[in-house]
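Notes follow the structure.
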Amino acid sequence: MFRNQYDTDVTTWSPAGRLFQVEYAMEAVKQGSAAIGLRSKTHVVLACVNKASSELSSYQKKIFKADDHIGVAIAGLTADGRVLCRYMRNECINYSYTYESQLPVGRLVVQLADKAQVCTQRSWKRPYGVGLLVGGLDESGAHLFYNCPSGNYFEYQAFAIGSRSQAAKTYLERKFESFMESSRDDLIKDALFALRETLQGEKLTSSTCTISVLGVGEAFHILEQETVQALISEFEIVGEEPPADDTAVPDASSGAGAGAGAGDQGAPADQDVAPMDI
């Protein structure tokens with residue numbers, strides 16, 4: 001996207017009916033490190049890729065706890081994500097204090113979407129440049145929502161956002177029909193395999209990913225690095241498969257392989273030059 005006379009203000013419409021500032025915020029989500037969410041009838045798993053801006057710095061935290069029954073994974077501007085997660089945490093506390101029960105996931109997502117939408121119609125506010133995967137469990141079961149900077153929200157069985165997320169989406173689309181009946185360990189396994197797809201040949205280790213779990217009788221929590229590494233070794237995710245995929249990609253003549261290669265060439269370059277932690 002390039003600058004034009006209609007992108008100087010979030011409230012200025014182009015002749016084609018577009019708000020470019022909102023689209024720029026959605027582009028920031030695409031440039032962020034990948035985040036993945038999956039759900040079954042009883043569990044929700046959130047996972048993200050840990051990316052550091054340089055070898056001398058630590059990675060930014062991408063998964064947050066809103067309440068015992070709600071967790072959030074973000075992709076985009078980390079600062080915006082922290083602000084929205086703090087807002088969600090306050091809403092959960094206020095609802096629990098007032099009604100002495102847990103805030104339904106759908107209601108919190110609607111409030112979050114309304115908060116994001118206000119920033120698309122006020123000239124003194126900019127849109128939040130972050131996408132949120134909200135996983136939760138309430139009386140109606142497990143839920144997974146995606147909140148967009150435009151104020152839209154969608155419920156998914158499984159979804160991926162961020163850089164190179166299309167490779168993870170392709171994997172999830174092949175497997176999603178079995179997720180509803182999946183066990184906790186099966187969901188974690190599929191999340192790790194989907195994360196590996198976003199790395200495009202890089203080695204998947206416990207230091208390059210974060211996994212969180214929420215389920216019936218299990219409050220939201222982030223798995224320890226030792227536990228994640230044990231699961232990676234148990235599922236044999238890091239083995240001979242990634243090198244085999246790397247050797248097959250240059251020889252592949254299918255359109256899907258060509259499309260994946262084209263997407264991988266652009267994402268790392270944009271991510272390396274990004275001036276902000278995404």
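Placed from the backbone N, Cα and C atoms, the Cβ positions cover glycine too.
Values in this document were obtained by computation on a predicted structure and should not be read as measured data.
Residues or ranges marked as compositional bias 'Low complexity' in TrEMBL: 265-278. What TrEMBL lists as domain 'Proteasome alpha-type subunits' is 6-28. According to TrEMBL, the region 'Disordered' annotation covers 241-278.
Proximity of distant same-chain residues to the domain 'Proteasome alpha-type subunits' (6-28), defined by a Cβ-Cβ separation under 8 Å and at least 6 residues beyond the stretch ends, is recorded for 76-77, 119-123, 125-131, 148-150, 278.
Residue counts for the domain 'Proteasome alpha-type subunits' (6-28) by DSSP state, with H, G and I taken as helix and E and B as strand, are 9 helix, 0 strand, 14 coil. Taking the domain 'Proteasome alpha-type subunits' (6-28) as a whole, pLDDT averages 93 in the prediction.
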